[in-house]
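Among the features that TrEMBL reports, DNA-binding region is placed at B:17-56. What TrEMBL records for B:91, B:92, B:93, B:94, B:95, B:96 is NAD(+) binding site. Among the features that TrEMBL reports, domain 'CoA-binding' is placed at B:80-181.
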């Protein structure tokens, strides 16, 4: 498959949405879908869909649309879903527990191996079948098991040290839920993806304010 | 303050990051910061910072930099942080509880009024001081209290109905954690902001795959 080396961040951010949408279509028994129907279901135009997918070699056939299962498979391949990625959770507090219990790691191609915490009440227990070890044993266990991603749900004050230890132990990525902006050198080869809840809520707050302004002064902002 | 009406989504998405960074600087006692220093701390160039802030009327002074507290105040104003927004949580399961207990709603200008659930074990209790009511009472309570945002942490299968009920009850925004793509008509005036954990993990998975490819074939991808 030909792939364009330069893919914009916006396209990369849309790929997981395609994957999710195609999974839902597949579950609903849809075999084939046109770019306009796929676009409509995702709030995108047909031409945007065609452009996005063209970046990755173009999978559609003119006048035929996309085969849902093969498009899903190809996008999954691009996303690295079949790479057998492994993951550990650092911090088995409320959020860590919620993710361990509810998040479908395996649907996203990740095997959740273990969790780490310092609280004697949870160390040594299991959460939804996942063993919880003491943080002191992190390096020891990561020396034995290949771990690709560390999910950080430790308190903000412990975030940087946890990230540094994971990076030193050889993880390839950090999935950061701590609301702390991790400082990991770019040349370390460790990729950081942060989920900042407050950024999301503030963006919503902004959109609501804009909406209210538009409603108050419709003549100024016709849209 | 002059504000440019057309602001790109990318800039809007960066505004909460500015706000977060400025809050941290303020806590650290920093009074004034240059655009280059602010940029460096956020992984952006000085010119990108100046451009972004110019969209909102431009706050800096040539050769002087930005006053941290007033810039934070102005960005907070744009983000609607002082609007007295109110919020309810629908779904007091693991994730809902984790957010109620840990997320700093008030730092983001939101007052968390109540949670709703159907589980008799949690209905009638309090989580971190927040009362949990039965979902049957949603409309009744929203008729009495102005609620701006509904946070959805219900199961995926209950997401659409919960969103529809909140929209009908007059909320202005939905903060959607259900991993379900809500279908809310654009002309309803209700804004939807979704936090899709799997999109984030798959983006990380993609970046890791790209990184591995680059390491395997450095001569092909020099960066």
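Note: Cβ is positioned from N, Cα and C throughout, glycine not excepted.
Please treat TrEMBL annotations as automatic predictions, because they have not gone through curation.
Sequence features, as recorded in TrEMBL, placed on the structure.
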{"residue": "B:91", "record": "NAD(+) binding site", "contacts (Cβ under 8 Å, 6+ apart)": "B:115, B:116, B:117, B:152, B:153, B:154, B:155, B:158, B:162, B:178"}
{"residue": "B:92", "record": "NAD(+) binding site", "contacts (Cβ under 8 Å, 6+ apart)": "B:100, B:115, B:116, B:117, B:119, B:122, B:127, B:132, B:153"}
{"residue": "B:93", "record": "NAD(+) binding site", "contacts (Cβ under 8 Å, 6+ apart)": "B:117, B:119, B:153, B:154, B:155"}
{"residue": "B:94", "record": "NAD(+) binding site", "contacts (Cβ under 8 Å, 6+ apart)": "none"}
{"residue": "B:95", "record": "NAD(+) binding site", "contacts (Cβ under 8 Å, 6+ apart)": "B:153, B:177"}
{"residue": "B:96", "record": "NAD(+) binding site", "contacts (Cβ under 8 Å, 6+ apart)": "B:89, B:90, B:115, B:117, B:151, B:153"}
Within the predicted model, mean pLDDT of the domain 'CoA-binding' (B:80-181): 96
Conformational class of residue B:94 (NAD(+) binding site) under the three-state DSSP mapping: helix
Secondary structure content, the DNA-binding region (B:17-56) (per DSSP, counts of residues): 28 helix, 2 strand, 10 coil
Helix, strand and coil residues within the domain 'CoA-binding' (B:80-181) as assigned by DSSP: 35 helix, 29 strand, 38 coil
